[in-house]
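Step one of this worksheet: look at the structure below.
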Amino acid sequence: MKRIAVLTSGGDAPGMNAAIRAVVRQAISEGMEVFGIYDGYAGMVAGEIHPLDAASVGDIISRGGTFLHSARYPEFAQLEGQLKGIEQLKKHGIEGVVVIGGDGSYHGAMRLTEHGFPAIGLPGTIDNDIVGTDFTIGFDTAVTTAMDAIDKIRDTSSSHRRTFVIEVMGRNAGDIALWAGIATGADEIIIPEAGFKMEDIVASIKAGYECGKKHNIIVLAEGVMSAAEFGQKLKEAGDISDLRVTELGHIQRGGSPTPRDRVLASRMGAHAVKLLKEGIGGVAVGIRNEKMVENPILGTAEEGALFSLTAEGKIVVNNPHEADIELSSLNKSLS
């Protein structure tokens, strides 16, 4: 394989630029030409495919977002869109593609492989909801950003003896909420993978204030409900008068990636190029126990249960991290 391309698709994530940089420089070191596909699958169909060299990716390892830009393009799920994209790949002599994104992006990579273009998927999403990898590119930065914000909110919460409901991203996965909540000593962590009773939360809040607590921090995963809705239900369930809600929003998707995300993205990008050089396609790169692994995209792109609840009341984290966390610890003070 002499000529490959790289694209980013779906929601952006810190560390995508580091992955692109690794793909480009590893490919050059292997004697391959590299092209960047701008604006994801939409750019592929439009022919926005341009050569990249080592200088093209200089000084981007520390930048958030993706300099190739990203776009959602549902039309690529249809055969017509796929054939248009493949026509452009052939026109530019592309023999393999590295796709950086989430599960929707993986479906596109799977279709390319089925049409004879080996594609490698790299897990680029802050949600950490990709099966087959302990961590995704961008997750660590998103958790760090959320942690910093929650720490600041705790300061003002303590000043006024307030209860704060802080909504974090994650789509249908509770990983950001779980990690950021534990890291900040949140009083409650509400995630889609575990049930909760509003009356228990009300009782916990009141008991805390009676014991002299100066604040109450509730970290809420967006996959459960919005902070506004949760706050309203909390007020209806009990007399919680001094309550504020905050949605951290897209701040979690931006910013300079953490060292962990930069290194993870670099390792994954280089590994993807090595696979393409061997003619391997249709797989997604992951990290398990700090080692690079490959999984069939077909299984990786399909949504799987990240958590399961045992009869003993424990959350077993099937993916992305190996751990048992008692359900009770999520519904009582961790501070």
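Using N, Cα and C of the backbone, Cβ positions are placed for all residues, glycine too.
Since this is a predicted model, take the numbers as computed values, not measurements.
Sequence annotations record features per position, and here Swiss-Prot assigns active site, proton acceptor to ASP127 based on sequence analysis. The annotation ATP binding site is assigned in Swiss-Prot to GLY11, ARG72, TYR73, GLY102, ASP103, GLY104, SER105 on the grounds of sequence analysis. According to Swiss-Prot, the ADP binding site annotation covers ARG21, ALA22, VAL23, VAL24, ARG25, ARG154, GLY185, ALA186, ASP187, LYS213, LYS214, HIS215. If you look up Swiss-Prot, you'll see ASP103 marked as Mg(2+) binding site, on the strength of sequence analysis. Annotation source Swiss-Prot lists substrate binding site at THR125, ILE126, ASP127, ARG162, MET169, GLY170, ARG171, GLU222, ARG244, HIS250, ILE251, GLN252, ARG253, citing sequence analysis.
ARG253 (substrate binding site): 19 other CB atoms within 10 A of its CB, across all protein chains.
Separation of the C-alpha atoms of GLY185 (ADP binding site) and ASP127 (active site, proton acceptor): 21 Å, rounded to the nearest whole number.
For the ADP site listed in the record, the two most distant Cα atoms among ARG21, ALA22, VAL23, VAL24, ARG25, ARG154, GLY185, ALA186, ASP187, LYS213, LYS214, HIS215 lie 53 Å apart.
The shortest Cα-Cα distance from TYR73 (ATP binding site) to any of the binding-site residues (ARG21, VAL23, THR125, MET169, ARG171) is found for THR125. Listed in chain order, the residues near the ATP site other than GLY11, ARG72, TYR73, GLY102, ASP103, GLY104, SER105 are SER9, GLY10, GLY40, GLY101, GLY108, each with its Cβ within 8 Å of the site Cβ centroid. Checking the recorded positions (ARG21, ARG25, ASP127) against ARG171 (substrate binding site) with a 10 Å Cα-Cα cut-off leaves ASP127. Cα proximity to GLY11 (ATP binding site) (within 10 Å) is found for the following binding-site residues from THR125, ASP187, ARG253: THR125, ARG253.
Rounded to the nearest whole angstrom, the C-alpha distance between ASP187 (ADP binding site) and ARG244 (substrate binding site) is 15. By a simple count of nearby Cβ atoms, those within 10 Å, the most crowded of the binding-site residues ARG72, ARG171, LYS214, ARG244 is ARG171.
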